[in-house]
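This report refers to the structure that appears directly beneath it.
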Amino acid sequence: HACVSTAAMEHVTASEELSATLMYHVERPVLNEGYIDSELLHRKKRTPKSFQQRIAEHLRCSSEKAKSVVFGFLPILTWLPSYPLKQYLFGDIVSGISTGVMQLPQGLAYAMLAAVPPVFGLYSSFYPVLLYTFFGTSKHISIGTFAVISLMIGGVAVREAPDSMFAVNGTNASQIVDFEFVLGLLRFGFLAIYLTEPLVRGFTTAAAVHVSVSQIKYLLGVHTARFNGPLSSLDAVFRNIASTNVVTLIIGLVCTVFLYFIKDLNERFKKKLPIPIPGEIIVVIVSTGISYGMVMSENYGVEVVGKIPTGLLPPKIPDFSVFPGLFPDAFAIAVVGFSIAISLAKIFALKHGYSVDGNQELIALGLCNFMSSFFHTFAVTASMSRSLVQESTGGHTEIAGLLASLLVLLVVVAIGFVFQPLPTTVLAAIIMVNLLGMFKQMKDIPALWRTSKIELAIWLVSFFASVLLGLDYGLVVAMGFAILTSLSSYLLFVLFLKAEECTGIKIFQSNTSIYFANSDLYVSALKAKVRPNA
């Protein structure tokens, strides 16, 4: 061994000495810019297609193209015929029941945020979910009511139909008004795709602040007029704090603590529990039973959900005359709703190894909201909490969402009246506990401070603008600021508008930060640039 080691050392030493004495001699002609430009690079001649040629190519039809269009528009035709019953059905049934059990209390609760009758929340948990089964491409997201969207709709409802217009007070005043928003046709997906992750997370954190403040009066049992904005709501609550209903407050606090405990339990033991403990439906059933038995509404002045009509209401055409005044709000709601849905869809698609079609998701959500709006629903999107339950309990396909919607239908048709004695403070507790995940996004601030000061600025501007100016104007300000941060990139692009491409060289520039929600658009645009005929 010693000899071998010595020989190896001598070889290394000899190699080092040899390399130290080696010299390299390279000969090549001296190249200048003119030579490279004239001899080596060949400029591409641009031959743009005429408008008529583009239209002709787009309208050219064949059996394959027709089949592709039909299957693209109805994705259910691609997976339902080959649905593996033995492998997927049991998981989808368990997942559908688990998700449906969450849909019920959340539908009732988020209708309160939208300032519409609670039963409208149940309708919104049935019709859009049913339609998404046929048109959606994500196998795991749970379509239905969502706190942020519901609050934005509630802000419009408060502005367009304030309590002063009616003879009654409280949340039930909205029962005599039909608030129907046809938002599907306004879903411009290209804007949602360009929303950066810090902007969306800052915005949703601000929305959590709005939602939490709006629920304080229900938690305390304080009767105030409806206000659009956290500062006005807080001021109204503090002015009437002396009229707090102690029984309502106790019920709300007990439900909040219980729900938080169950949520923590589900998180700690999610790998051991076959399905999450349905804390929300438990508090709804128990509190409804106690409220009914003790006649809390009459004996203790506890505000309850009130009348829930049995069965489905006949369709009704929306009042199109109000559309011009709702367009800006509808646009903001559509952008936020689509960005949330596509972000969740891409998270689960990445995790489970399949792809979602952003354009088809745009169409699916648009159709869900547009067609459902004739049946007394309000705008919906995907819910993170329900989507996590749908995925974690074994859901494999959109069948899980279909079964969840059928469970909601069963309640609406058969036993909806059972929930009439449900205290509204319980719904407030459900909403506030579900917002904990959004408030955890505050942890983004130190993380962004370490990684990107620009993205931190976008997050903070999005958050504070949305809190102080309202969600609609806050979104506009946040998007404007995000565009300004990339202004230098746009100016650079303008400087090179007259540049001519050379064969073999491709320069590609992205003017926005890349993350999972817009990655597909980035890749598609890059492929189109590099391989235009592929």
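Each position is counted from 1, following the chain as shown.
Quick reminder: no glycine exception, Cβ is built from N, Cα and C everywhere.
Fair warning: this is a prediction, and the values are worked out from it, not measured in the lab.
Per TrEMBL, these features apply:
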type     : residues : note
DOMAIN   : 89-461   : domain 'SLC26A/SulP transporter'
TRANSMEM : 108-135  : transmembrane segment
TRANSMEM : 141-158  : transmembrane segment
TRANSMEM : 179-196  : transmembrane segment
TRANSMEM : 241-261  : transmembrane segment
TRANSMEM : 273-295  : transmembrane segment
TRANSMEM : 330-350  : transmembrane segment
TRANSMEM : 362-382  : transmembrane segment
TRANSMEM : 402-433  : transmembrane segment
TRANSMEM : 454-471  : transmembrane segment
TRANSMEM : 477-497  : transmembrane segment
Top Cβ-contact partner of the transmembrane segment (108-135) among 273-295, 330-350, 362-382, 454-471 (pairs under 8 Å): 362-382
Integer average pLDDT (0 to 100) for the domain 'SLC26A/SulP transporter' (89-461): 83
Contacting positions for the transmembrane segment (141-158) when only residues 6+ beyond its ends and CB under 8 Å are counted: 99, 102-103, 106-107, 110-111, 113-116, 121, 124-125, 128-129, 132, 174, 177, 179, 181, 204, 207-208, 210-211, 214, 226-229, 326, 329, 332-333, 336-337, 340-341, 344-345, 348, 365, 368, 378-383, 386-387, 389-390, 401, 404, 431, 434-435, 470-472
Cβ-Cβ under 8 Å with the transmembrane segment (402-433): same-chain residues at least 6 beyond its ends: 92-93, 95-97, 99-101, 103-110, 112-113, 118-119, 122-123, 125-127, 129-130, 133, 142, 147, 171, 211-212, 215, 218-219, 221, 248-249, 251-253, 255-256, 259-260, 263, 280, 283-284, 287-288, 291-292, 296-297, 302-312, 390
Non-local residues, at least 6 beyond the ends, that sit with Cβ under 8 Å of the transmembrane segment (241-261): 218-223, 279-280, 282-283, 287, 296, 300-303, 423, 425-426, 428-430, 432-433, 436
Long-range neighbours of the transmembrane segment (362-382), counting only residues six or more past its ends (CB under 8 A): 73, 111, 114, 116, 119-120, 123-124, 127-128, 131-132, 135-138, 141-146, 149-150, 153, 178-185, 187, 189, 312-313, 315-318, 333-334, 336-338, 340-341, 344-345
